[in-house]
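A.B. asks: Quick one: this structure, given as structure tokens, is what I'll be asking you about.
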Amino acid sequence: MLSDTICAIASGQINQAISIIRISGPNAFKIMEKIFLGKVGKSMEITFGWIHDDNQKIDQVLVLWFAGNKNFVGEDTVEINAHGGVLNTNLILELILKTKLARLANPGEFSLRAFLNGKIDLVKAQAINDLIHAEVKVQHQAALNQFLGKSSNFIKNLIEKIEEIIGIIEVNIDYPEYDDVEILTSDVLLPRINQLLADFDQLIKIANNSRLIYQGIKTCLVGAPNSGKSSLLNILINENKAIISEIPGTTRDVVEGNFVLDGLLFKLFDTAGIRKTTEKIEQIGIEKSYESIKKADLILHIIDASEKNRQNLDLKAKTRPDQIYLKIYNKSDLLENQEEFKDEILISAKYQKIENLLEKIKSIFAFLGKNKEFVANSFQISQIELGKLAILDAKTSLESGFGPEIAIVDLRIAWKELKTIFGRVDDENLLDSIFSKFCLGK
């Protein structure tokens, strides 16, 4: 894989002031000798000249030269800084491919090579991708902490604890005659296994909060027709996206939008009003409303506070313990007396008076902003959970009467699952899956 040379546009296919074309591999400098009218630079040098095709000038460029491992990729690399027109940039890329000394890179292949060349571990590689795709400040900070290795320390501590137990078991098996060896029976080992499980549970609990940071907080707006769901969505996303009408059943499909609060990304779903109806299309919309409730992290149940005979929708009964459910009383502007709602969240979507709702949401999710030291993406969470399962198997073996020499098999599996987070990956398909999510040219 690393014996060939790859190239790609690293700056995106848009008109811009400057574009970057990256070439990496053993033929990188040889390609430039063919297409560059200018001085072939030394490593870490920038040179100025023309890109040409058989002496036909194409663009005047700056070229950055990186020899060997003195760059991100860890192999001979050239970066061409060209004028950023889409056509101009693609003409240069086509010229590079025309030499037949390079092929077009796959998405994430430069980062994959950096990983395989030992320049970055798998955590840093994924952190780079997360930095690129960060939409809000909290996501950016989480990805940066991953890149700086702050999150890695939590996992490395678990790995060290497992290694210590494996080491003691191996000494017990191989050198039982040594006086200084701690005798590790099942009774002695079980408390250590239980402590490991507690450590895993704590890590998984914290890590699961990372999903809310990376994927956004899925927020479902539900309620009876004309309760003000669409009005609230439009206010939150600052856009007239949902249709507002006095006619019940106007919203037939789920309307989506995003908004940022306190640095956190919220993904909103405005659903069809829930009521009893014989209208087939409206029934389909209501079914979709219930589906959205199942997927949500935060459920905002919007209720028309001005209605004397309010429809009693027991939506809380349809929620799970891990979901957050809030009752929101709308249309405060129509109330003569608000005393009835003094302990409730009361808003007026019509007049954009929703400050108390925003403050309530901020207080609920404040813990996410404080959890800046440890975050994990979906791949890392999966590996931690697999590690925990292996530790559970070790515990089961010990409780079933088997000795440490059997439990060590599962401990080694747990160790491998955690080490995979940093790059001890034997499965090439897994690597391809991880890096294929990266941008072309990265």
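Cβ from N, Cα, C; glycine included.
What you are looking at is a predicted structure, and each value in this text was computed from that prediction instead of being measured.
According to Swiss-Prot, the record shows the following:
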BINDING   Arg22, Glu79, Lys119, Lys442  (6S)-5-formyl-5,6,7,8-tetrahydrofolate binding site
BINDING   Asn226, Ser245, Ile247, Thr250  K(+) binding site
BINDING   226-231, 245-251, 270-273  GTP binding site
BINDING   Ser230, Thr251  Mg(2+) binding site
DOMAIN    216-366  domain 'TrmE-type G'
A.B. asks: What mean pLDDT score does the domain 'TrmE-type G' (216-366) have in the model?
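C.D. replies: Here the predicted model's pLDDT, averaged over the domain 'TrmE-type G' (216-366), is 79.
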A.B. asks: On the three-state reduction of DSSP, what should I expect for Glu79 ((6S)-5-formyl-5,6,7,8-tetrahydrofolate binding site)?
C.D. replies: strand
A.B. asks: Measuring Cα to Cα, how many angstrom lie between Arg22 ((6S)-5-formyl-5,6,7,8-tetrahydrofolate binding site) and Lys229 (GTP binding site)?
C.D. replies: 49
A.B. asks: These are the binding-site residues: Arg22, Lys119, Lys229. Which one scores highest on other Cβ atoms within 10 Å?
C.D. replies: Lys229
A.B. asks: Fill in the CA-CA distance, Lys119 ((6S)-5-formyl-5,6,7,8-tetrahydrofolate binding site) to Ser230 (Mg(2+) binding site), as an integer in Å.
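C.D. replies: That separation, Cα to Cα, works out to 50 Å.
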A.B. asks: Cα of Ser230 (Mg(2+) binding site) to Cα of Ala272 (GTP binding site): how many Å, rounded?
C.D. replies: 9
A.B. asks: For Ala272 (GTP binding site), just give me the three-state DSSP call.
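C.D. replies: Where Ala272 (GTP binding site) sits, the three-state DSSP reduction gives coil.
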A.B. asks: Where does Ser230 (Mg(2+) binding site) sit by DSSP, helix, strand or coil?
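C.D. replies: Where Ser230 (Mg(2+) binding site) sits, the three-state DSSP reduction gives helix.
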